[in-house]
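In what follows, a single structure is set out as structure tokens and then discussed.
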Amino acid sequence: MSRRNEREKGVRKLWYRLWRGRPPGPVLLFLGLLIAFIMGVPLLYVVVRSFSAGADGWMNILDERIPGLLWNTLSLTLMVTVFAVILGVSLAWIVNRTDIPFKKGWQWLLALPLVIPPYIGAAVYIMIFGPVGWASEWWQDGWLERAFGEYPIEIYSFAGVFFVLTLFTFPYVFLISMASLRKMNRNYEEVARSQGMSTARIFWKVNLPFLRPAIGAGVILVSLYVLSDFGAIAILRYTTFAAAIYYQMGSFDNLSATVLSTVLIAITLVVLWLEAKTRKKNVQYHQTSNAYTEPETLRLGKWKIPALLYVFTVFFFSVLVPIIVLVYWTVIGIGEGAIDREFWEYTWNSLRVAGYAAIACMLMAIPIVYLKSRYPSPLTTVIEKLSYAGYALPGVIVALGIIFIFNEHIPWLYNTHYLIAFAFVILFLPQAMQAGEASLSLVSPRMDEAARSLGHPPWKVMVKVILPAIRPGILAGGALVFVSAIKELPATLILRPPGFDTLAVRIWYETNEFFYQYAAPAALVIILISLIPLRFLLKKY
Amino acid sequence: MKLYRWIPAAFLSVAIVGAGCSQEEEAGSGEEAQVEDGESGELVVYSARNETFVDEYLEKYEEDTGIEVHALHADDTAVNRIQEEANNVQADIFISNDVGAMEHLRLDGLLDGYEADNLESIDEDYRAEDDSWVALSARTRVLMYNEDLVNEENVPDSIEELASPEYADQFAITRGANGSMIGHVSALRQEWGDEQTVEWLRDVSDNAGIITDGHGEIRQAVGTGEVEFGLVNNYYYHQQLQEPENNNVSVVYPDQGEDEMGAVLNAAGVGLVADGPNRENAETFMDWALEEENQQMFSNESLEVPINPDVEAVEDAAAIDEYETHDMPLHELGEVWDDTLEVIEASGMDLEVR
């Protein structure tokens, strides 16, 4: 009897030590574990299934497919990431630190490409530079063909994919760099200047090290984007892992698809690990907040025109051109009756699935975020990391996992549009969590304690104190999820039930069939809806 | 700040209304499911055909019968989805471009025999043993070329020649996993044996200038002169002729010589999926599809040639008896479907686009 008591005591002690003396309530813990399970299972399922391919299957695919795919994927990821960082950092620096005309305007104009999904960007540039595009028509009609021979631009190429992806991913780096530059204290630059350093040297020696964390975050966002992108890559007839997985499912070789997925997941983990490793090596740069003065604005002088030209060129290709082209085709499309009853049905479908996902993400983010901030422990870390699974996964893999699980174990939900929303939750929950976390970090734990000491049970504290305080953050997170979901293509494509099309799916189909006038209105609607969270993003960064 | 406050509220309300509506809908479909034994109800169609070829056709069925069609335009994934969903059947009807695919599903027990009205209007060679699928329109594999770029004599007159270095980078083909390509390769295997087929595949995938997902892109690429010629199904040629521009194209029916294999033929048709959720409506569909008026629509929408000789073809389409065709019975493609996929993969030919 006493021995059992002692053992119980021991377990209890361990349990308390795990939570540093303050374990969470059972309901909260259960919710957290449940969510982590839901988020992690599709991923695990894919990996486990891939091992059923057996050694032969693996060797076959490793030999035949992996080398080429690996080269395609890695070279593209590297090139796009490098150039997106160069564009993003240089532009952020110019519009932040120099006396470039229309400075404030550029700061948000250059963030605009963020609302144009790369697959729409790809479609636009095929309309312009493709073999039946405007440029080639103009080339063949004019003297150019006689003078220089055949139309030289090959949009369906590495260069084409590289161009499009860089153009529509650099704003990630731009936004984060802007935020860092804004926070940077003038004192350092002044000290450097007093030492006789030139502007260029100051940029390399002072600004850049400060920007290191921002660049790191940008690298992660851009490279994970390229690794997981399906739409732009497939429309431009290029093949990376994510596209190969989709095609492999197309020939319904699901086993090979899982093997390719496992390799892609491994690559993703390597990217994340590399970034974390380089971050540790760098010394942390701190700034003292008490003596903050705003950095000095640099006079451009004779560089004004080139700088302006540079900024405008990027804006031109990444915002103006796509919008103009889409409006042009939309006008034609409206003339041909593209906006009919079905168009509104697709729009409604898009809004529906994105809406479900946004609500689910908001509800699920709350317990996870609360656990993480108030009850740190190894178990919490596991829950949190699993909730982030979707952050690093391509939609294609998530869809694959969902098909396996629902078709085999929950057949009555299979082939319903709820599964699309479910995929969105896995893919975009991290966005809701980040927004919620930011809000919660502003609420002192003392507020919970004070409420508890007044005799409120934990759930009441949650409802009466915490929720009202973090509501703006949670709602903003929901808006982010909503917008990401509206744009999502591959998971929607794979999981849509018969008769259920969304705007993203229509853009994909019409572009592939060269019916630009039908793709353009849908693309414009998606872009307009995506403007919703931009304000929030600009505020946050 | 104000903006950012009302916007989440706005989309939240949209989403909530959405949830409400969909619940009503769900309830509605539940009721429909109960009266399904009656006249109306729904029909789930998986189609591997180009969406534009079947849209109006399915709309006509809806109008004629009052049955609501839910179509999944899934390209070649339709076959595999039906396979994958065998334990949880979703589809009632399968519309295919390829006899091999339909026969393959039948051999796996995934299609169910049904004696439709007017079945005899289709020759036995073009139906399943148990009539679970019926082919309705024929398609021939041809080489379509751009007349501005090449003369007829510079286009290969046999499929084998596509592997010759002479034609490097001048032509377009589809990826290996395209349904029509699988059918074609199956025929080549029967004619040449596996070894030669693999070698041919390897050379051709190196030789091709473009490898596309489907034939629509090839049609465009040949029409605009991106490549000189491409391997397509014959109706893509007829389609390109109807384009307002970039239509200066012509066609070569390959392998027409005395001892040669003849052009490879395939057919599109409809099959009845076993254990589908709306069996009665599926049978209605099969009966409807075999009405001659609807047979004609099925082939006309894609400019293919009707299998039933009594049904009039569209003007541009060449009749089947005007050229030599490969003599392998089409349904034999079904047995070799999986093997053919393996052969294609073993050859290292891209299953993807390039």
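Using N, Cα and C of the backbone, Cβ positions are placed for all residues, glycine too.
Per TrEMBL, domain 'ABC transmembrane type-1' is recorded for A:70-275 (among others).
For A:347-537 (among others), the entry in TrEMBL reads domain 'ABC transmembrane type-1'.
Annotated transmembrane segment per TrEMBL: A:27-48 (among others), in sequence order. The list of residues near the transmembrane segment (A:27-48) in space but at least 6 beyond its ends in sequence, with Cβ under 8 angstroms from a Cβ of it, reads 258, 261-262, 265, 364, 367-368, 370-371, 375, 380, 382-384, 386-387, 389-390, 393, 397-398, 400-402, 404-405, 425-426, 429, 458-459.
Taken from TrEMBL, the feature transmembrane segment applies to A:68-96 (among others). Nonlocal intrachain contacts for the transmembrane segment (A:68-96), taken as residues 6+ away from its ends with a CB within less than 8 angstroms of a stretch CB, comprise 103, 106-107, 110, 158, 161-162, 165-166, 169-174, 176-178, 181-182, 203, 207, 211, 215, 218-219, 222-223, 226-227, 238-241, 244, 260, 264, 267, 307, 310-311, 314.
Annotation comment: TrEMBL describes A:108-135 (among others) as transmembrane segment. For the transmembrane segment (A:108-135), the list of distant contacts is 91, 95, 151, 153, 155-156, 160-161, 163-165, 167-172, 174-175, 225, 229-232, 235-236, 311, 314-315, 318-319, 321-322, 325-326, 329, 483, 487, 489, 504, 507-508, 511, 514, 516, 519, 523, 526-527, 530-531, 534, 537-538: same-chain residues at least six beyond its ends, Cβ to Cβ under 8 Å.
Here the transmembrane segment (A:155-176) has Cβ contacts under 8 Å with residues 75-76, 79-80, 83-85, 87-89, 91-92, 110-114, 116-118, 121-122, 125-126, 129-131, 133, 214-215, 217-219, 221-222, 225-226, 229, 232-233, 236-238, 314, 317-318, 537-538, 541 of the same chain, all six or more residues outside its ends. According to TrEMBL, the transmembrane segment annotation covers A:155-176 (among others).
Distant neighbours of the transmembrane segment (A:214-235): 73, 76-77, 80-81, 84-85, 88-89, 117-119, 121-123, 126, 161, 164-165, 168-170, 172-173, 176-177, 179-180, 241-243, 246, 264, 267-268, 271-272, 275, 278-279, 391-396, 489-490, 504, 508, 511-512; these residues of the same chain sit at least 6 beyond its ends, with a Cβ under 8 Å from one of its Cβ atoms. According to TrEMBL, the feature transmembrane segment maps to A:214-235 (among others).
Sequence-distant contacts of the transmembrane segment (A:255-274) (same chain, at least 6 residues past either end, Cβ-Cβ under 8 Å): 43, 46-47, 49-50, 52-53, 57-58, 61, 65-66, 69, 73-74, 220, 223-224, 227, 241-242, 244-245, 248-249, 392-394, 396-397, 400. The transmembrane segment annotation in TrEMBL covers A:255-274 (among others).
The feature transmembrane segment is assigned by TrEMBL to A:307-331 (among others).
Marked as transmembrane segment by TrEMBL: A:351-371 (among others).
Listed as Cβ neighbours of the transmembrane segment (A:386-406) (distance under 8 Å, sequence separation of 6 or more from its ends, same chain) are residues 35-37, 39-43, 45-46, 49, 224, 227-230, 241-242, 245-246, 249, 254, 257-258, 261, 264-265, 268-269, 272, 368, 413-414, 419, 422-423, 425-430, 433, 488-492, 494-495. Marked as transmembrane segment by TrEMBL: A:386-406 (among others).
Listed as Cβ neighbours of the transmembrane segment (A:412-429) (distance under 8 Å, sequence separation of 6 or more from its ends, same chain) are residues 38-39, 42, 349, 352-354, 356-357, 360-361, 364-365, 387, 389-390, 393, 395, 398-399, 402-403, 406, 480-481, 484-485, 488, 491-492, 495-498, 500, 502. Feature annotation from TrEMBL assigns transmembrane segment to A:412-429 (among others).
Distant neighbours of the transmembrane segment (A:474-495): 115, 117, 119, 230-231, 242, 246, 249, 350-351, 353-355, 357-359, 361-362, 365-366, 394-396, 398-400, 402-403, 419-421, 423-424, 427-429, 431-436, 439, 502-505, 507-508, 526, 529-530, 532-533, 536-537, 540; these residues of the same chain sit at least 6 beyond its ends, with a Cβ under 8 Å from one of its Cβ atoms. The transmembrane segment feature in TrEMBL is assigned to A:474-495 (among others).
Residues annotated as transmembrane segment in TrEMBL: A:515-538 (among others).
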Folded-back contacts onto the transmembrane segment (A:515-538), same chain, C-beta under 8 angstroms, at least six residues removed: 108, 111-112, 114-117, 120, 123-124, 127, 175, 323, 325-330, 332-334, 336, 338-339, 343, 346-347, 350, 476, 479-480, 482-483, 486-487, 503-504, 506-507
